[in-house]
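These come from TrEMBL:
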type     : residues : note
TRANSMEM : 14-33    : transmembrane segment
DOMAIN   : 15-444   : domain 'Major facilitator superfamily (MFS) profile'
TRANSMEM : 54-75    : transmembrane segment
TRANSMEM : 87-120   : transmembrane segment
TRANSMEM : 141-160  : transmembrane segment
TRANSMEM : 172-191  : transmembrane segment
TRANSMEM : 262-283  : transmembrane segment
TRANSMEM : 295-311  : transmembrane segment
TRANSMEM : 331-350  : transmembrane segment
TRANSMEM : 356-374  : transmembrane segment
TRANSMEM : 386-408  : transmembrane segment
TRANSMEM : 420-442  : transmembrane segment
COMPBIAS : 452-470  : compositional bias 'Basic and acidic residues'
REGION   : 452-502  : region 'Disordered'
COMPBIAS : 471-481  : compositional bias 'Polar residues'
COMPBIAS : 486-502  : compositional bias 'Basic and acidic residues'
Amino acid sequence: SPAMSPPGPPDGGWGWVVVFGAFISIGFAYAFPKGLAIFFKEIQDFFGTSYSEIAWVSSIMLATTYGAGPISSILVNRYGSRPVVMFGGLLCGVGMVSAAFCTSILQLYICVGFVTGFGLALNLQPSVIIIGKYFLKRRPIANGLAMAGSPVMLCTLAPLNQFLFDNFGWRGSFLILGAILLNCCVAGALFRPIGAATASGKTQAIEEGKATLKEEVTKDAMEMSSPMNVPTETKTEEEEGKDCCEKINQYLDFSLFKHRGFLIYLIGNVLMFLGFFAPIVFLAPYAKHIGIDEYSAAFLLSILAIVDMIARPTTGIIANSKWVRPRIQYFFSFSIAFNGTCHLLCPLASGYTGLVVYSVFFGLAFGMVCAMLFETLMDLVGAARFTSAVGLVTIAECCTILLGPPIGGTLIDTFGDYKYMFIKCGAVMVLAGTFLFIMNYYNYRMLAKEEKERKAKEEDPKSVRTENEVRNNWNKETTQDGPELEPLREEQEGLKKEVNGT
C-alpha cells in the first residue's frame with residue numbers, strides 16, 4: 001500500500017474553514033425558529049391570538065426549512081453548495097425585513113414562515129452535504145462541530161432577541177434580525193467546491209479523482225486512493241454513479257424506499273419530530289406563565305444551548321470512537337428515548353431551579369440527537385446516496401414538524417396547563433427511541449445473515465464488497481480490493497506529476 005498521505009483537503013485543510021461556514025449557516029437554520037419564541041407572547045398580545053395560532057409561525061418556518069429539503073438537494077446537485085447558500089441568506093434577510101411591516105398574523109406566516117423558512121432550508125442542506133464531501137475519517141467530529149452552530153447561535157440569539165425587543169419592539173427587532181441573517185451569504189462564500197465534476201452524480205470516482213487533481217488538490221486524490229487509511233466506498237460510489245445515469249430521476253433517488261435501513265430511520269425520525277421542537281418553542285412562554293421574569297425565561301434557552309454546545313462535539317467524538325461507530329444506531333435510539341424521559345419528568349419541575357435542571361438535561365439530550373441526526377443516516381445509506389436521502393427524509397419529517405408545536409399549543413389552550421404538552425412530547429419520543437432500537441437490532445441481524453449467505457456463495461473473501469457490507473464491516477474492513485484500484489492510482493500519480501510540472 002502507498003505511504004500514508006498527509007492529511008489533505010478531504011479531512012482537514014480548507015475543510016475546517018468549510019466547517020466554520022457550515023457552523024454559521026446551520027446555526028441560523030436551527031436556532032432562528034427557536035429564538036423567535038421570545039417574541040411570541042408579545043406578538044400574541046399585539047394581534048390578540050391564541051397559543052396554537054402563534055405556534056404556527058415557528059411551525060411553518062421549521063416545516064418549510066425541512067420540507068424544502070428536496071428542492072435544496074436538487075439545487076445543490078445542480079449548482080453546487082456555494083450559490084445555493086448565498087441565495088438562501090438573501091431570502092432570509094428579505095423575509096425578516098418584510099415581516100417587520102406585517103399587519104396581520106397571516107402575513108407573518110408568509111414572511112417569517114415561508115420566505116425565511118425557505119431561505120434557511122437553502123442554508124441547511126448544502127452545509128450538511130459539503131461536510132460529507134470534505135471529510136471522511138473525521139466526519140462525525142466535523143459534523144458534531146458544525147452542528148454546534150445551532151446552540152451557539154441560540155445561546156446568543158435568545159438574550160439578544162430579548163434585548164432587541166426591549167429597545168426596538170418586535171418590528172424593529174425583525175428589521176435588525178433580517179440584517180443579521182445576511183451573514184449567511186458570507187458563510188456560503190466560504191464553501192469552495194471540491195472539483196467541478198463532483199457536483200453531478202454521474203461522474204465516477206476515477207473522473208472525480210482527475211477533476212480534483214486538476215483543481216490542484218493533489219492530496220485529496222492520494223487520500224482517496226490509499227486503501228489503508230480509508231474504508232472508502234470508492235467501488236460503490238462508482239456503481240452508484242452508473243446507476244444514477246440509468247435513472248431518469250438523477251436528483252432524488254427513490255430506490256431508497258426499498259432500502260431497509262433507510263425506512264427504519266425514516267419511520268423513527270418522523271415519529272420523533274412530533275415531540276422534538278414543541279418543548280423548545282414553549283419553554284420561554286412556560287417560564288413567563290409561571291411568573292418568571294423575561295430575561296430569566298430567555299436565559300433558560302441560553303442554558304439549554306450552552307449544554308447543547310458542549311454535548312454536540314462530545315457526542316461527535318464518542319460516536320467516532322471504535323466501540324460506538326459500528327453500532328452508532330443504538331446510541332442514536334438511546335439518545336432519543338433519553339430526550340423523551342426528560343420531557344416526561346419536566347412537569348415535576350417546580351420553580352426556576354427545577355426548570356434550570358430540566359434545561360440542562362434537555363440541552364444534553366437535544367445535543368446528542370442533533371449531533372447524530374445526519375451521521376446515522378450517512379452511516380445507513382453511504383455517502384453516494386446521502387444527498388438524495390437527506391432530501392427525502394426532510395420532506396417526510398416536515399409534516400410532523402409542522403404539527404408538533406400547534407398540537408402542543410392546542411393542548412395548552414384546552415387544558416390551560418403546560419404539563420400535558422410535555423407529557424405528549426415525552427411519550428412520543430420514548431416510543432420513537434424504542435422503535436429505532438428494536439428495528440436496528442433486527443436490521444443488524446439481517447445484514448449479518450445476508451453477509452453469511454453471500455460469503456458461502458462466493459467463497460473468495462477478497463471479492464468486492466457491496467454497500468451493505470461496507471457499512472456492516474466498518475471496523476473490520478481495512479483494505480479495499482488491490483487490483484481494483486490499481487489503474488486509478490497510476491492515473492493519479494501521472495496527473496500529480498503533470499500538475500506539479502505545470
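Every residue number used here counts from 1 along the chain in the order it is shown.
Each Cβ is built from the backbone N, Cα and C atoms, and glycine gets one as well.
Taking residue pairs at least 6 apart in sequence, the transmembrane segment (172-191) and the transmembrane segment (14-33) share three or more C-beta contacts under 8 angstroms.
Here the transmembrane segment (141-160) does not lie next to the transmembrane segment (420-442) in space: the count of CB pairs under 8 Å, restricted to residues six or more apart, is fewer than 3.
Here the transmembrane segment (87-120) has long-range neighbours at 25, 28-29, 32-33, 36, 43, 47, 49, 53-54, 56-57, 59-65, 68, 126, 171-172, 174-175, 177-179, 181-188, meaning same-chain residues at least 6 beyond its ends whose C-beta is under 8 angstroms from one of its own. In this chain, the transmembrane segment (262-283) lies in contact with the transmembrane segment (295-311); the count of Cβ pairs under 8 Å, excluding pairs fewer than 6 apart in sequence, is at least 3. For the transmembrane segment (54-75), the partner stretch with the most Cβ pairs below 8 Å, chosen from 172-191, 262-283, 331-350, 356-374, is 262-283. Within the chain carrying the transmembrane segment (172-191), a Cβ under 8 angstroms from the stretch's Cβ atoms is held by residues 17-18, 20-25, 28, 32, 39, 80-86, 88-90, 92-97, 99-100, 112, 116, 119, 123, 126-127, 130, 161, 164-165, all 6 or more beyond its ends. The average pLDDT the prediction assigns to the domain 'Major facilitator superfamily (MFS) profile' (15-444) is 78. Packing against the transmembrane segment (262-283) from elsewhere in the chain are residues 33-34, 37, 40, 55, 58, 62, 256, 297, 300-301, 304, 333, 336, 339-340, 343, 346, 355, 359, 362, 366, 369, 373, 376-377, 380-381, 389, 392-393, 396-397, 399-401, 403-405, 407-409, 412, 418, 421-422, 424-429, 431-433, 435-436, 439-440, 443: each is 6 or more residues past its ends and has a CB under 8 Å from a CB in it.
Counting only same-chain residues 6+ beyond the ends of the transmembrane segment (356-374), those with a CB under 8 A from a CB of the stretch are 30, 128, 140, 143-144, 147, 150-151, 269, 272, 276, 279-280, 283, 300-301, 303-316, 319, 328, 331-332, 335-336, 338-339, 342-343, 345-346, 349, 390.
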